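Remarks on the structure that follows.
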């Protein structure tokens, strides 16, 4: 229904889609119209090419309730959670000047349009728009639920230079999770719907749904997707290009639940430097080591899965060291530090799980070797 709900909010001049949910229709007690065939670009519902059956009774179906943002919208962005900020003023939409908009205002706008926390805030990021400029300055505290709840004040400067219409990118809503796979990037797909977590199944192409799930969670690409064995969930149909699951079509026909494994399965390992004789100290550019002292580089990771191994890499050299992970860590001992040990080190954790090889690399540790 996401295409249809976008058109409804647009036709009513009510901003972006915030949420939509269903209500069971009592048998032959309610009248309604069955909708479908919308692609999302139409100006009105009547332009959709498949309004099934016209007005009549909804026998055993569902009503769809739609919530629109009403007073604020994000325009010309990618997906529902990014775009140029526009505010409704005197029945028309106005762009907001970057100078009149701060992080607290952005937090409220992202919440108002049903998205997560602000990720990027920049003037001109999504164009200038063709209408007027909002003539007030918001005084949000960041905790308000709606932009209309924020105080406003008159602008100190009534002009807004080109390239300063504020663009906002919000994170995707925290309404999708993967459960039971030992990682936030693996497991059974669940969607928070109508105040409870529901299992998700695919109406058609499972890989398209999995691609959207991995993208929304920031978990990389899809490695594998399998139908669940027992639980059945709401059906979802995606093209694979959507930024979040709520942009996909949704049905309430029960489908086998999906188990999705994403590429960023393993958390980033940690890397640390220690010595037992006081040869390590903190320099201006990072850790420094006295020549002739022993030192140890330790690689470690969170206890997600048993086994695996650590590869310690050293830039500027072809030398590598590998050790099995014992209690999710490995220690690499270096005797008598000299100039050949100066450079950048990193830990790569490798593990074979879910019938696939996965790896994750730590941040770089830059080591300087200094005087005796």
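Each position is counted from 1, following the chain as shown.
Backbone N, Cα and C define each Cβ position, glycine as well.
The disulfide bond annotation in TrEMBL covers 38-48, 140-150, 238-248. Taken from TrEMBL, the feature domain 'SRCR' applies to 1-69, 72-171, 176-276. If you look up TrEMBL, you'll see 269-366 marked as domain 'Ig-like'.
Annotated features, which come from TrEMBL, shown on the structure.
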residue	record	Cβ within 10 Å
48	disulfide bond	17
140	disulfide bond	20
150	disulfide bond	19
238	disulfide bond	25
248	disulfide bond	23
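Helix, strand and coil counts from DSSP across the domain 'Ig-like' (269-366) read 3 helix, 57 strand, 38 coil. The average pLDDT computed over the domain 'SRCR' (176-276) stands at 88.
Candidate disulfide-bonded residues: 48, 140, 150. Nearest to residue 238 (disulfide bond) by Cα distance: 48.
For residue 48 (disulfide bond), the nearest of the disulfide-bonded residues by C-alpha distance turns out to be 248; the candidates were 140, 150, 248. Taking H, G and I as helix, E and B as strand and the rest as coil, DSSP gives the domain 'SRCR' (72-171) the counts 16 helix, 39 strand, 45 coil.
Cα of residue 140 (disulfide bond) to Cα of residue 248 (disulfide bond): a distance of 32 Å. When the Cα atoms are compared, residue 150 (disulfide bond) and residue 248 (disulfide bond) turn out to be 32 Å apart.
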